[in-house]
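Peer 1: So Swiss-Prot lists the following for this protein:
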- 29-49: transmembrane segment (TRANSMEM)
- 87-107: transmembrane segment (TRANSMEM)
- 116-136: transmembrane segment (TRANSMEM)
- 146-166: transmembrane segment (TRANSMEM)
- 183-205: transmembrane segment (TRANSMEM)
- 219-239: transmembrane segment (TRANSMEM)
Amino acid sequence: MTSHAPDPVHQFEISRLINISVGNMDLSFTNVSFFIIATVVATSVFLFISSSSRGLVPTRMQSISEIAYEFVASTLRESCGVQGMQFFPLVFSLFTFILVANFIGLFPYFYTITSQIMITFSLAMLVILTVVGYGFRKHGIGFLKLFVPSGVPVVILPLVTMIEVISFFSRPISLSLRLFANMLAGHITLKVFSGFIVSMIELGIMGVGGSILPLIMTVAITALEFLVAFLQAYVFTVLTCMYLNDAVHPGH
């Protein structure tokens, strides 16, 4: 029996579900669109159900939502102070959206929207545009002090300022690439190991014995991917709070 090895990249392909075009614009409803909506709906339903509980003893869902709430609130307060709480809806929405999207992508035949650079870059740009918009609205031209560190000798000030500007505008790139690359690499690794298991089993009795180690590795990597799914949402949230601090307190 001959079989073709599964393509580990095929799972990231964007496919049209409903063809929609307006003039020369392709506005088709794709699998990415579907899972974006599914992520928003799943997150909203979970938060609605968990916040509807009125019992004296919190349910498991209520405890999870309270932990998420306290994590975002405490991270914002530590990074930006009390003023940072005005960004709570944004940061909490980003955290829950990324976390749920990452978890949904771990289920077989489900799509991982955070493995698409266009999704992660859009989320990162939302953060940076919020920082720039709020910074100029709150501080005016004083927001530019962010790029002029205090205590720097005048001789090297232009060089340091240029480095600060480059560093600032590279933030959406690093923020989006970190999430995208981790989710992409993890799912490719899982696909490779699972494909190897299927190929070994197709060889018969001898292949079944040889598939035990890859199976153990697949289970271990799957468990690790659940941890990575949380850690990536955690890191994105912490960095978002740090960047928002620059908008609240632009002076070094």
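Please read every residue number as a count from 1 along the shown chain.
Here the Cβ of each residue, glycine as well, is placed from N, Cα and C on the backbone.
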Peer 1: Excluding the flanking five residues on each side, which residues at least 6 beyond the ends of the transmembrane segment (219-239) place their CB within less than 8 Å of a CB in that stretch?
Peer 2: 71-72, 75, 79, 91, 94-95, 98-99, 102-103, 105-106, 114, 123, 175, 178-179, 182-183, 186-187, 189-190, 193
Peer 1: State the non-local partners of the transmembrane segment (116-136) in its own chain: residues 6+ outside its ends, Cβ under 8 Å from one of its Cβ atoms.
Peer 2: 12, 14, 32, 36, 87, 90, 94, 97-98, 143, 146, 171-173, 175-177, 179-180, 236, 240, 243-244, 246-248, 250
